[in-house]
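Features of the protein shown, as given by Swiss-Prot:
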- 1-18: signal peptide (SIGNAL)
- 19-137: domain 'C-type lysozyme' (DOMAIN)
- Cys24-Cys137: disulfide bond (DISULFID)
- Cys45-Cys127: disulfide bond (DISULFID)
- Glu50: active site (ACT_SITE)
- Asp67: active site (ACT_SITE)
- Cys79-Cys93: disulfide bond (DISULFID)
- Cys89-Cys107: disulfide bond (DISULFID)
Amino acid sequence: MQKLIIFALVVLCVGSEAKTFTRCGLVHELRKHGFEENLMRNWVCLVEHESSRDTSKTNTNRNGSKDYGLFQINDRYWCSKGASPGKDCNVKCSDLLTDDITKAAKCAKKIYKRHRFDAWYGWKNHCQGSLPDISSC
């Protein structure tokens, strides 16, 4: 019985671990979450320069705010550091750090709808006019 409980805990922990995507793995995941094909190279570039395709990535900014996950979503405006979902995306920041990118994708699309790619410095500084090749994906 004790072995069964330990096995169940291991399975639960593995299911919520972070993930680092390959470039094509990221493309497939973004397609699965309904990202527009005509913007795909922009999204891939953004994610590569913001988080290196790592869902567990965090970054503390000079102003004390923190960015979370694949899309480096900021806690000042978009996600709540507390135990309850909140802010503009109505999501907990910790939910943006798992291998299930559903909530992160939904929030990133909301940010894009409001600010386009200009909301992300990784895109502004690295992706304008220089997008990755995803033709083999």
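Including glycine, each Cβ sits where the backbone N, Cα and C put it.
Worth saying up front: this structure is predicted, and the values here are computed from it rather than measured.
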For Cys127 (disulfide bond), the one of Glu50, Asp67, Cys93, Cys137 that lies nearest, given that the recorded positions are compared by Cα: Glu50
Top Cα neighbour of Cys137 (disulfide bond) in the set of recorded positions Cys45, Asp67, Cys79, Cys107: Cys45
Residue among the disulfide-bonded residues Cys93, Cys137 whose Cβ has the most other Cβ atoms within 10 Å: Cys93
Secondary structure of Cys89 (disulfide bond) (DSSP, helix/strand/coil): coil
Helix, strand or coil at Glu50 (active site) [DSSP, three-state]: helix
Integer Cα-Cα distance in angstrom, Cys107 (disulfide bond) to Glu50 (active site): 15
Same chain, 6+ residues apart, C-beta under 8 Å of the C-beta of Cys45 (disulfide bond), given in sequence order: Trp123, His126, Cys127, Ser130, Leu131, Pro132
Residue pair Cys79 (disulfide bond), Cys89 (disulfide bond) - Cα distance, angstrom, rounded: 6
